[in-house]
Amino acid sequence: MISLHRSCFLSNTGISGSSSPFSYKLKKLPPASIKVTAVVPNRDRNNSVLIENNNTLKEVREDGTSSVADVDSNHTVAGGDRDVYYDDAATEDQLVTPWAMSVASGYSLLRDPHHNKGLAFTEKERDAHYLRGLLPPTVISQELQVKKMMRSIRKYQVPLQKYMAMMDLQETNERLFYKLLIDNVEELLPVVYTPTVGEACQKYGSIFRRPQGLFISLNEKGKIHEVLRNWPQKNIQVIVVTDGERILGLGDLGCQGMGIPIGKLSLYTALGGVRPSACLPVTIDVGTNNEQLLNDEFYIGLRQRRATGQEYAELMHEFMTAVKQKYGEKVLIQFEDFANHNAFDLLAKYGTTHLVFNDDIQGTASVVLAGLVAALKVVGGTLADHRFLFLGAGEAGTGIAELIALEISKQTNMPLEEARKKISLVDSKGLIVKSRMDSLQLFKKPWAHDHEPIKKLVDAVNGIKPTVLIGTSGVGKTFTKEIVEAMAALNDKPIIFSLSNPTSQSECTAEEAYTWSKGRAIFASGSPFDPVEYEGKVFMPGQANNAYIFPGFGLGLIMSGAIRVHDDMLLAASEALAAQVTQENFDKGLIYPPFKNIRKISAHIAANVAAKAYELGLATRQPQPKDLVKYAESCMYNPAYRSYR
């Protein structure tokens, strides 16, 4: 008899076997000669697990007083290096075993978020897993649980309370959390992510209850590989990492930026179907320059000024090296909310050696390009026919501008340098022009054109005469009435994207854009706005939310086994998203498809990205599936409850 504690359960020759992360065929069950029995805690058998084969029969109790039995490698419990719990590898109607460090049963099963079903445990399961008396007698469906939870969440008036309720659910019943989020995505997306996640990060020290990711600080320098081993899941496919220096439009929140990786990875699962057990949120804590946090008694991070230069670079390099050593070449590392000076450097440094993606630079660019491509079906012309003016020349602004230029170059065979001349950027010092070249940061220099200096945005609008105005400044109320009216005077249908998050930092509201343009603007924002009625007509503002892109983009990389991210994959994602906008959506004034169809949208994006990976020779999962859309759908995590033996 052996107890399935960590040393034997997670070893290559012990309990787990080998399977593909996207293999949904029924795996071979344990041989009939092997008996696996869950024993109720605190009884005579000390919660040990009986595994008996033809050669050995020994017992190891929780206190470790007996020796571990040798288990023949052919007699292993079906699971795999991608799925130690076995349930993801089984077919939907196949009974599964709720593995944890031991077979979960009784009170411990109710406290295990991966396997807890609450009142949805059947009568048979309650008998088999020692749950009698630990639950009220009623048995309800997962659908009724969803209805009950939504009723409860809707009673909260404060968005942060809804966020905390959702996080509590995620920590107690994982499958119900994702079922709830998937079934009510349009209502709950603003709760688990922007704009509410911004407030959650600001108050993270006060609301922190239990860890949901890895905190790697300067204290762990030289030990990061060891720290990664502390994470209970061993087969990670997606890591979202931040250093908390530029959280949304809120600035340096230090260690409390952890809310962003947690929120992003929740969406990877809910919207893109990546298994929760394959996701790892990480915060790199190098201190904070936020004096308010440094003086806050509830702050949970290092109480020091931010490390910079070589000290910062060495910690990040150790992290990147350790991740690749631990999880392999194909783990996707998504950089999130790094400050400009680090974001571009990290993407350039590791883009050729790791599978890396910066959502602020590349994800935002892809979703905005998709919106522009869709908007052209309303205003007419091609991208090359339009003139673009940006307020904001940081990660998002320059990232969007570069992807637009790449698409123009691709469509017209125009040199990239010429395509860039159709795009102008305004930063805090005014229009970016060649006379400022010596003082510009490296990532801004490609956008310095021959033009007289202009300080004010309204003067830039009147001078450049753009057809598209895009805000990525992180400063609210900067698209004034004068500026919107100027855009409307220049264009019959001015395209205005106010992309800064959260809502308070938006360059203008949907109501302002529609009212000041007399209902002629084609508007999209970063955070959601309610429909606007103007002169008897209802306008539906679009939301250029990165959540349209990154979940499907990540799924496409995973299912193709891609080893690098290429710009053409971003263009492929944009094209797939734009193609999902129907005429019915256009008739309602929408340039993005409804979020209620997000899993279908993600499957099409994943298929396009995977196809491009195969085309570029960057895919390692062979052979290529014939129908990539169906394959993507089959790869998606299903949060429906599983039936237990």
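Every residue, even glycine, has its Cβ placed from backbone N, Cα and C.
Curation plays no part in TrEMBL annotations; they are all automatic predictions.
Feature annotations, courtesy of TrEMBL:
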- Tyr193: active site, proton donor (ACT_SITE)
- Lys264: active site, proton acceptor (ACT_SITE)
- Arg246, Asn501, Asn545: (S)-malate binding site (BINDING)
- Glu336, Asp337, Asp360: divalent metal cation binding site (BINDING)
- 170-351: domain 'Malic enzyme N-terminal' (DOMAIN)
- 361-614: domain 'Malic enzyme NAD-binding' (DOMAIN)
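Positions of the features from TrEMBL, shown on the structure.
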residue : record                             : contacts (Cβ under 8 Å, 6+ apart)
Tyr193  : active site, proton donor          : Gly263, Lys264, Ser266, Leu267, Ala547
Arg246  : (S)-malate binding site            : Asp252, Asp337, Phe338, Ala339, Asn340, Ala343
Glu336  : divalent metal cation binding site : Val240, Val241, Thr242, Ile260, Pro261, Lys264, Asn358, Asp359, Asp360
Asn501  : (S)-malate binding site            : Thr194, Pro195, Gly198, Leu248, Gly249, Gly526, Ser527
Asn545  : (S)-malate binding site            : Leu189, Thr194, Val367, Gly526, Pro528, Tyr592, Phe595
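Mean predicted confidence for the domain 'Malic enzyme N-terminal' (170-351): the pLDDT average there is 95. Spanning the listed (S)-malate site, residues Arg246, Asn501, Asn545 have a farthest Cα to Cα distance of 18 Å. The Cβ centroid of Glu336, Asp337, Asp360 marks the divalent metal cation site; residues of that chain outside this set whose Cβ lies within 8 Å of it are Thr242, Arg246, Ile247, Ile260, Phe335, Phe338, Ala343, Asn358, Asp359, Glu395, given in sequence order.
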